[in-house]
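Over in Swiss-Prot, the protein carries these features:
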type: BINDING; residues: Phe10, Ser11, Gly12, Gly13, Gln14, Asp15, Ser16, Thr17, Thr18, Cys19, Leu20; note: ATP binding site
type: BINDING; residues: Cys188, Cys197, Cys200, Cys203; note: Zn(2+) binding site
Amino acid sequence: MNKEKAIVVFSGGQDSTTCLFWAKKKYKEVIAVSFDYNQKHKLELDCAKDICKKYNIEHHILDLNLLNQLAPNSLTRQDITVDKSAPKEGVPNSFVDGRNLLFLSFVAVFAKQKGINTIITGVSQSDFSGYPDCRDVFIKSLNVTLNLAMDYEFEIITPLMWINKAETWKMAYDLGVLDIVKEETLTCYNGIKADGCGECPACKLRKKGYWEFEKYLMN
């Protein structure tokens, strides 16, 4: 297994950007892979491109527009507004069915062609937004499936799986990239960079985590 190279699933948001710089500290060669699935806010891809260009990281954008046709939701359709809070039953309407399944599967194909075994993704079960494909059991299951499907030894690493948003901010701080993550990323479901709209679930989670992180720094 090649332990010197890694591919990061990279959206340009807080979590994947933190993982990207975490990977840069650990591996000699890091490649970022983003997906164009006709998401509502193309600024997400612009942030990903800008970060990779600015910090000299090899970056690839793969076309996955089919996902928009298969799974209409509030992140891909202008006529569907984002839920402001989690529903009592089911998943939020910002959940894109099959997104992480497809992202990781396509990245695995890409990784094998490059002779890379390690795939890094920023999913988290501790502070997740009710998305089933952010759970540890899913990642472990998919890792086994991909290994069997391609007769190849992949290792899917999830640095954020068991930490909350405050701890994710602390990781960025410890890596020396807090300002990059705070100012240059896009997490907002309404497509607003940095601190975002402040109203969508992603912004509320990000803001709450930062507030808790600041409290930690002051202690």
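Here the Cβ of each residue, glycine as well, is placed from N, Cα and C on the backbone.
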Self-check item: For Phe10 (ATP binding site): intrachain residues, at least 6 apart, with Cβ closer than 8 Å
Solution: Ser16, Thr17, Cys19, Leu20, Ala32, Val33, Ser34, Ala48, Cys52, His59
Quiz prompt | Alpha-carbon spacing, Cys203 (Zn(2+) binding site) to Thr18 (ATP binding site), which is rounded to whole Å | solution = 16
Quiz item: For ATP, what surrounds Phe10, Ser11, Gly12, Gly13, Gln14, Asp15, Ser16, Thr17, Thr18, Cys19, Leu20 with a Cβ no more than 8 Å from their Cβ centroid?
Solution: Val8, Gly122, Val181, Thr185
Practice problem: Let me know the DSSP-derived helix, strand or coil state of Ser16 (ATP binding site), please. | Solution: helix
Practice problem: Please report how many Å separate the Cα atom of Gln14 (ATP binding site) from that of Cys200 (Zn(2+) binding site), as a whole number. | Solution: 15
Quiz item: For Gly12 (ATP binding site), what is the tally of other C-beta atoms lying within 10 angstroms of its C-beta?
Solution: 24
Practice problem: Measuring Cα to Cα, tell me the gap between Cys188 (Zn(2+) binding site) and Gly12 (ATP binding site) in whole angstrom. | Solution: 11
Exercise. Determine the minimum-neighbour residue: among Leu20, Cys188, Cys197, listed as binding-site residues, which Cβ has the fewest other Cβ atoms within 10 angstroms?
Key: Cys197
